Each structure stands twice: as C-alpha cells, then as structure tokens.
Amino acid sequence: MFPFQPMYPMQPMPYRNPFAAPRRPWFPRTDPFLAMQVQELTRSMANLTFKQRRDAPPEGPSAKKPKKEASQKQKGGGQGKKKKNQGKKKAKTGPPNPKAQNGNKKKTNKKPGKRQRMVMKLESDKTFPIMLEGKINGYACVVGGKLFRPMHVEGKIDNDVLAALKTKKASKYDLEYADVPQNMRADTFKYTHEKPQGYYSWHHGAVQYENGRFTVPKGVGAKGDSGRPILDNQGRVVAIVLGGVNEGSRTALSVVMWNEKGVTVKYTPENCEQWSLVTTMCLLANVTFPCAQPPICYDRKPAETLAMLSVNVDNPGYDELLEAAVKCPGRKRRSTEELFNEYKLTRPYMARCIRCAVGSCHSPIAIEAVKSDGHDGYVRLQTSSQYGLDSSGNLKGRTMRYDMHGTIKEIPLHQVSLYTSRPCHIVDGHGYFLLARCPAGDSITMEFKKDSVRHSCSVPYEVKFNPVGRELYTHPPEHGVEQACQVYAHDAQNRGAYVEMHLPGSEVDSSLVSLSGSSVTVTPPDGTSALVECECGGTKISETINKTKQFSQCTKKEQCRAYRLQNDKWVYNSDKLPKAAGATLKGKLHVPFLLADGKCTVPLAPEPMITFGFRSVSLKLHPKNPTYLITRQLADEPHYTHELISEPAVRNFTVTEKGWEFVWGNHPPKRFWAQETAPGNPHGLPHEVITHYYHRYPMSTILGLSICAAIATVSVAASTWLFCRSRVACLTPYRLTPNARIPFCLAVLCCARTARAETTWESLDHLWNNNQQMFWIQLLIPLAALIVVTRLLRCVCCVVPFLVMAGAAAPAYEHATTMPSQAGISYNTIVNRAGYAPLPISITPTKIKLIPTVNLEYVTCHYKTGMDSPAIKCCGSQECTPTYRPDEQCKVFTGVYPFMWGGAYCFCDTENTQVSKAYVMKSDDCLADHAEAYKAHTASVQAFLNITVGEHSIVTTVYVNGETPVNFNGVKITAGPLSTAWTPFDRKIVQYAGEIYNYDFPEYGAGQPGAFGDIQSRTVSSSDLYANTNLVLQRPKAGAIHVPYTQAPSGFEQWKKDKAPSLKFTAPFGCEIYTNPIRAENCAVGSIPLAFDIPDALFTRVSETPTLSAAECTLNECVYSSDFGGIATVKYSASKSGKCAVHVPSGTATLKEAAVELTEQGSATIHFSTANIHPEFRLQICTSYVTCKGDCHPPKDHIVTHPQYHAQTFTAAVSKTAWTWLTSLLGGSAVIIIIGLVLATIVAMYVLTNQKHN
C-alpha cells in the first residue's frame, strides 16, 4: 500500500483448519522479554552479516590495473615482485591486519548499469569537461553540428579545438553555442523532439519523463553535472541538463530541449539551482574556507565545532559544513553512520510534562509535538528523549536514551510503550523524533519502566485516520486502486526541513547538592562543570567547579543552587528549558520522517446500478463507507452537486443532449448524453404523434393542441351562428307574407314547408338575362372566400421550423471556414474552384488545450509556532530585543518566580523577570503539503488537429491565435482566434494536491488570522515569510519554566476542510482540468475559424476526374439525432473510374466520408448524421449533385455514453404525418366555416334578388 515498508512487519495470520487438530503436549511458555532479546540479537547479526557482504571487495584481481602501478612494477624489478608475492602468501595464511586494511581500503565503485554504460560509451567522444582551477566545473556537448555549453558554467573546455571557438550567447536559454569544425561533425550527437513519457538515460542512470518534466531519484546528480545530455534508446539527445531542485524523494531537472519545429525550449522548475561546481565558502574566526573542508570537526573539538556551525547557520553551504564536521577527515565511514548521524551533536533533556502518572512532572520523555497529517495512519512524535543513540552518543539502532537528572541512560526501544486508545506499533526513531502507527484516540501516552519506576507522559491530541480520495474509510483496504497521497517517509533522509538547536541553559540540579555533616557539598557529574551559587548568612558565593567541593559557610541545602554546565552538546530550543546567559549559539539539524508523495490503496465503492429513462438517469447506490457523489452538467451552467451518501439511496438526475457527468467515490468519472428520442411514433396515428411530441416538446405540444382546440371551437360556434342567422333571414319574409310559398331549396335548408316563389334557377336566369356581370360575381364570391381562408390558415399554422445553413465552400484556393471547438468531432468540407475538381478537407481536433498565463503570488501551508527558551533573570530586570521574525511576539513578565520556589529557584521574591518570545514559521512538512495562490491572465489555446487535405494528412499542434501558421506539403493553415474568449479559471486560483480551485484569496501581505493566507511565502524554500496568526503571549506560572500563548487555528487547515469541489468536478462545458502546467482541456465551447492557403499543385483538373451522367439517391436506413445513423445509397453511371469528394452544401446532414471511390457504373454507400425527421439534402459528388430525401425514425436508446457527432444546432422537425393530421383538423373546421359563408351568401343573393323583383 505504501511506498515505505515498515521496518519490522507483523507476521500474517495462520491458516485456519476447519477440522479439529489433535491435542498437543504442554510445554512451559518462554519469557516474552527473553524472546524479544533473542529476536533483537538475531536482527543485529543479520544486519551485520548483510553489511559485511555488501562492503566486501570483489574476489580476484582487478580487470585492469592502473598505469601508475604498472610503471612502478617495471621500475621495481624482480625483488619487488618477490616481496609482493611473499606478502600475498602471508596474507593468505595469516589473518589480515585490521589497521592496515582500514588504512589502505578504497571505496569500491559499483559496476555501472546498462544505461550508464551506454551513455558513457556515447559520451566519450561527444561530451567534453569544462575545467576551472583544475576541477571539472561542468560539461559541453556537441549536438547537431553545434557546440552547446551552459552559460553559467565558468572555465575552459578540455579540448583545444573547441576551446578556441567563438561562442554566441543565448541568455534566455542559459546557453552558449558555436558551429563545430567540419571534421568534427561526424562525431556529434543527433537531437530529437520526440519525447514520449517514460525513461531516458544519462550519465547517472535512468531519467523519468512525465508531464513535461524530467526527474531523477533524490541524490542522483549534483553540482558539476550541468551540461550533461539526456539520451533516448537510439542515442539521440532529448535534453541538456542545467540544474535541479529536490522535491521530496525525487529531483526535478532544469533542462533545455527542442520542440516539434526544432526551436529550443527551456524548462526550469521553481527554486532550481544551477549545477556548476561552485565552491561554497564558510567563515571561522574571520577566515573563509570551503564548507566541505572545515579546519575542525566535532570528534576532535566539539565546543569549537558547535561555535563554527552557529556562525554559519544561515550560510547556503550549511548542510555541507554540517556533514563534513560530523565526519572527520580520514575517519572510517560506516553505512549506518551515513544514514543520520548528526544527532550525536545533541543530548536528551528533562522537561515538564503536563500529565504524568500523578499530575504534571519533570519527565525524561516529555512530548514536545505530535503530528499525524499523512494518509497512512502514522504518527510522528518529538520528545525530550532520543532514539538511535546509546548513552555514550554512539549510533545504536532500536535504542532510546534519556536524561535522568543529569545522567544519560539507555533502554531498548521494544521496552517503550506508546498507546492511544490501544497500543501503538513503533516503527523507528531518529534523534528526537519517533515514528509509530497508532489507532484512533483523543490523547497519546508514552511510558517505560526502569528499575521498578514507571515513567509516563501524556498529551491531548486527536489521533485519527486521514483518508485520501472521495470515500471516508477508516482502515486501509486490502484491495482497491492506487491514488496519489502523502505518507511519512520511513527513513531519515535530508528533505529540507530543520529543527532549531542551541546550547542548553543553566539548569538547576538539586541532586548535585548534598549535606555532609554541617556543610554543603556539591558534586558535578564526571567530565562536566557546575555553577554553584549560594547565599549563606549574607555571604554570596558564585563559582564554577568541575570536581566535588564543600562549602562550610552554608549549613542548609536550600542555601545553595547547583547548575549543570555543558557547551559541547546542543539541545532542542524548547520553551520548557531556560535560555543560556549571553549570546546563545544556535544551530539546526534535519528533521526525519517527513511527509513525502506516495501511492495509497483506496477502496472502491460498489458500482451504482444505473437505470436509463427518457432524458433521465436513476442511480441506485450502496456505499460501504460514507462516499461522495459529485455530478455536473456539461453545459454553460454546470449545476454541480456534491453530496455525502452514507446509507443506500436512489438519486435521479436529468440528462440533456449537451451531456451529464457523475463521479461516485474513487471511481473514474462517467459521462452520458441524451438522444433526441421519445415514446410514440412521429409517423403514426394522432395519439401516437401527440405522445411523441409531448415528451420531446411538452410546452410547445400543449400550446399547439390548445390553439387547435380553440380554432375548432370557434369554427363550430361561428358556423352554427351563421346557419341560424341565415335560416331566420330566409324565413322572415315568407312569414310576413300571407299564403306565401317557400322555395324547395329554402325549405330543405331551413326545415320549412315549401312555398310558391321564384326558384334559384329562375333568379340565375334573371341575372343572366338582365345583369351578366353580377351573375359571374355571385359565382366567384364562394371560391374567393375558400381561397382566402385556406391561405390564412396555412400562413398562421404551417410555420416551417428548419434552419438552413450555407455550405462551406470556397471558389478559390484561399479557403476560410469555421469548425466547432469540440474534441473528437470531425469537420468535413470541400473547396470548389473553377476548372478544378472539388478538394476535400477533413479536420478532427483530438485535443484542445487552454493554458492561462499564471503568476505565483505566494505559497501557504500549515504553520508551526517557534518558541525560544525563556530568558530568566533572578533579582534583575530585562528588556525585549528587536523582533525580526514572522509574527514574532516578545513580552517581559515580572514577579514570576517566588523566593526559592518555582522553576527558576531565584533568591529574590518580586524582582525576578522572564522574557518570553514566540514566532511563526512554516511547518516541517510544508514542502509536501502546501497550496499555491496564482493570478491567472490571458490564456493561450492549443489545438491538436488531425488534418487531411486531399490525400495528404498530418497530425499537428496549432496555436489558436489567428497569427501562427502551420505548413505541410505547401498548405498553410492559420487557426483562431476563438469565437468566444472564455476560460474556466477566475482571476485568482489556488492549486492544491494536483487540483485547481477558483478562490478569491487575500493579497500578499494582507492575510487574516484563521483564514487562507494567514502565512505567506513567495516560494516553498524562500525566507520571506509573512504571518498573521493572532499570537498572544500569556503570563507563565511559577511552577515550571514554560512560555504559554494563545493563537488562531491554522487558516490553511480550515480551508482544506471547507473547500468546495475543485474545477475538475465543477468546470462548465465539460472541461478537464490538469496541472503542470495549469490548463483546461477539451472545453466544448465556441468555434475555431480556419484559414487555408492551398497551392495549385493539390488541385486536380476537372477533365481528370469522373463525371456522373445519371445518379439516384435512396435512404436505406435513417435514424435522426444519432451518431451517423443514416445510410444513403447512390446508384450512378460515371464517365470513368476515380476518386471523388462528397459533400453536403447545406447543414441538413453531416457526412462520415470525405471521398468515395467510383467505378464506371455501380453504387456508393454513404453514412450521414442528421437532426431532421424528413431530411432532404443535395449531395455533391465531384461536380454533380443528387438529391437525397426520406423519412427518419427516432433512436431507440434514450441515453448514450458518447456525444453525437452531427450538427447539434438543428432540432428534429415536425413529421409530415403530424402536418397531415394537423391540416386535416384545421381543414375540417375551415370547411364548416366555408359552408356557412356560402349559405349566407346564397341567402343574401336570393333575398336581395327577390326584393328587387317585387
């Protein structure tokens, strides 16, 4: 699960046999402590055997002897040979002399691996060292006929020809270059811009290339390697190394490389150091010296060495000085000492513990700090005791040493207990730090038993398991998926974090004072001094002693105080220890067990059961642990949801044609798109048509049905009213005339009895004979009314909802078009040029990157409160010194320690003073756990396009800015700018744990306590730290020496708890957010204008292409709103065989094919996508056109897992069947109205004619 295996893993559980085992004889149990000691002895022997095997030189003579030894043998003659042979024989028979063996032993070089051997072979003639003062300061290499050397590397190239070349400087790339002579060009490297992710080779082994960055394991490569090349498997140079920076367990390299166009590109990580071999100088007594070669070391002059380290504590070469001071020159180096041996400069101490077995006490195992910020369940403690050292200060694994009233004692680490709610498993310890794995609890206790006395110390601290990912599990799973996390390193490597040390102050030790008879005796420990202060009968005594001395003036132990003095050991700068008088010599040592990037196994929640509906998705969830469900719409408004689900639940969501995404726990995101489908049949009966359109367009369908119902109702009502009025108008004259006969037609129409009157034919005959113009007008009135009503109904109701787009074609070889900015959607078009055959163009964007220009404002992380040991002055006053550290607070407290009581044991009562100082610094794990605040500016867009022009194809990267062209085969392509200047990033963004957040952070220097940005630094390693944490010092109690304070909680920790989901889950338009560099990919927004400049050579004359004499198009199958769900078959007769471009000038259909092969006679199958129910489009084949039309059916699947590659600006049209039913309905209503109008007209004509006749 974790990248660091525990030092002593627990044994696996034995297999359980389901059958009963036979009874075994009883044996007495062994003592568990004896078994532990045996195991410790076995481990020690195994480690010793392993080290001896590893350090043993290889057997037999060396493969090749040095030239110096060979020349000495020739000069020495036969006598020397005899002596050497005799010496060899004696060495075989007798045991070797250990002193001589150690003195003559040379460090055996490890045999280089295959990668190193290959690089060394290639470097031999093509890489040249740059010498400075007799040392290799860097390297120069010859690549592609040019000499490259880093500009920051001073010195002369170790080649007379190359050293004489006059170089040109490129300060932007930190390089100097020159053309090499012609006779040397055959031996130069070749370079390449191809850099697939994987491993490459250089002088020190393998180099990993990932996400545009070259990294090597930490410790591989150092100063002096600047200018070395990185090679691929074919021996081509992919990059030149300039420097590096440590990033946890790996080192990121600063390199110069080449892009696809052969242009030099430089990549430099933050806080990168140049790797020229520049000697760092340190200072001692106003004399400078190389930090790696100090004049003194700790084993010979410990006090002077600590003073030297204190003077150079802020020097950039402090680490080199510390390593050299610990390892004296000529001293034998053991592999265990190389791990972490600098803590021999320190000693353990006793400090106040707030909760021992019975209240507070002065404990040898006081707990200073506890941290458990990793995702692996481990806890790192800092205590007053030390680990890995014995009582004498020598390295000894699995051992704890502690201070017991001035005497340093040791105890095996397995006898130390650590527990929270249950016992913890101690992994290892180094210096003041202990690494353990503990169960959850609200406090942590450490204890051990020595000489029947149990020592313990407890501190309140909530220990809990911190899960990583989107599932809140409480224990690491056995199976799952690997995810990036932060774990505590199980080693003591230098990872850039320090803990502050200083010389211990004068500690009162009452055990040194005893009463012998009637006088006081002070006995200092062996090898140390003691400061004695007494006040006996008005006589004050103050002197330093290094052996036992009696003071006859004093008769009581309370009259004297004895202080232990030691200036050859450091202690941790704890607030529980008093500060030494005068200028305190400070230092710093490395902190082990820091957080590092690793891989953790996280659980996978059971897959949700998905049920698809019409534009909806139902998720049935069964989480084992509390699991987050995150959803968003892939449109302009994401409408994201973020819900923690702990119990089985069902959630329903709406899915649109633009897409919907959900993330369940630690599963990868899943996306779904809705299709233009619905129940019913758009080509069926009226109720099926209504059902279909009601589900697709509910509001429009309801509105249309309401209008139709209103028209029918009005029509029926109007017809009825007209009929009644006509009947009344017809019958009224006859009712008023006695014995009048009603004509037969009126009697039938008006349901009246017939009466004698002039008939219709008689009236028409009268008009024909007397007024023929009126006769024709009377006949044309009903026909005119019918025509007018029909036209009005068609204008009102028959609105065609189609959008027609112009085809993308250009009459010349300069062609401009626009394609959607959506990855994976192919865009096909043709170029029509007079006299030439159509030229097909196909463009498919495979990836679209939007990279903003960002500026790092500051870095913030969890803070650590540093406290100086309090300065205590008895019988006197003090003042605060000027403060210069971040958020530093200083305060003087008077009257803190009563007379001869309390932590200071002062002789005065109220004149005693204490100066308390506290300040803020970055936490030890800030390098691994921090957030970066950026300001984002104008974004650049890169499109990775697969372009086909005619029969020529290329995969290229285009900057979508409207200015940068791409050329291939004579075609010049310019893309952009984007139609929509849009970006998912706000002006202020925060990067944390590989994810990006839009967050309005405070400006640099304006942080508030308890909020994001309470501490700010320009970079992780810079010293310009700003802090505002509301740090307030409190008055100390007299019982113990300490520095109490209050402080606001960490704003960074609070932000981590309260932060919303990152842009990875909330960005609009389905953007995919990545880091290194910060970018958004595949945002489906806007369109990309394209301009083509096509040479004449790519066009084909019309005479050389086929011509269709007859063509007929039939739609075999058609599913609208589906991914190329239409199949068209074109039967044709061509003039000759050949290849023709196909295209649809309108936007009704999108073709899958850009060209088809034609024979003299046959058929061609073409796939297309459309959003119309009744598509009708003109298909261009070469220079001929053929019309395709037919009916399309809705898709069967409601939800699909990929977007639809058709023109999504179209919506499905109303089917012809629906229009037929609609016009029939409206036509029926119109017939009633027309009949009523005709009747009214006939009646009016008849009445008027009859009145005129009478």
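Cβ atoms are placed via backbone N, Cα and C, with glycine included.
Ranges compared are 698-715, 896-913, 932-949, and Swiss-Prot records region 'E1 fusion peptide loop' for 896-913.
In the disulfide annotation of Swiss-Prot, C1118 is paired with C1192 out of the candidates C880, C890, C926, C1192.
Identical topological domain names are assigned in Swiss-Prot to L767 and G950, which places both on one side of the membrane. Swiss-Prot names the disulfide partner of C1113 among C890, C926, C1182, C1188 as C1188. For C874 (disulfide bond), the count of additional Cβ atoms within 10 Å of its Cβ stands at 16 [all protein chains shown]. Only Y378, H490, from the recorded positions Y378, H490, C875, place their Cα within 10 Å of the Cα belonging to V427 (site 'Interaction with host receptor LDLRAD3'). Annotated pair Y200 (site 'Involved in dimerization of the capsid protein') and D174 (active site, charge relay system), C-alpha to C-alpha distance, rounded: 23 Å.
Here the topological domain 'Cytoplasmic' (723-757) returns a mean pLDDT of 63 for the predicted model. For the pair C1118 (disulfide bond) and D174 (active site, charge relay system), the Cα-Cα distance reads 62 Å. Nearest Cα neighbour of C908 (disulfide bond) among the listed recorded positions (V487, C874, C1188): C874. Here the Cα atom of C1071 (disulfide bond) is found 36 Å from that of D174 (active site, charge relay system). Neighbour counts were taken at the CB atom with a 10 A radius for the recorded sites Y200, Y378; the maximum falls on Y378.
When other Cβ atoms within 10 Å of the Cβ of C1182 (disulfide bond) are tallied across all protein chains shown, the result is 24. If you measure from the Cα atom of A596 (site 'Interaction with host receptor LDLRAD3') to that of S226 (active site, charge relay system), you get 27 Å. Sequence-distant contacts of H152 (active site, charge relay system), defined as residues of its own chain at least six apart whose C-beta falls under 8 angstroms from its C-beta, comprise D174, S226, L242, Q274, S276.
According to DSSP, Y378 (site 'Interaction with host receptor LDLRAD3') is assigned to a strand segment.
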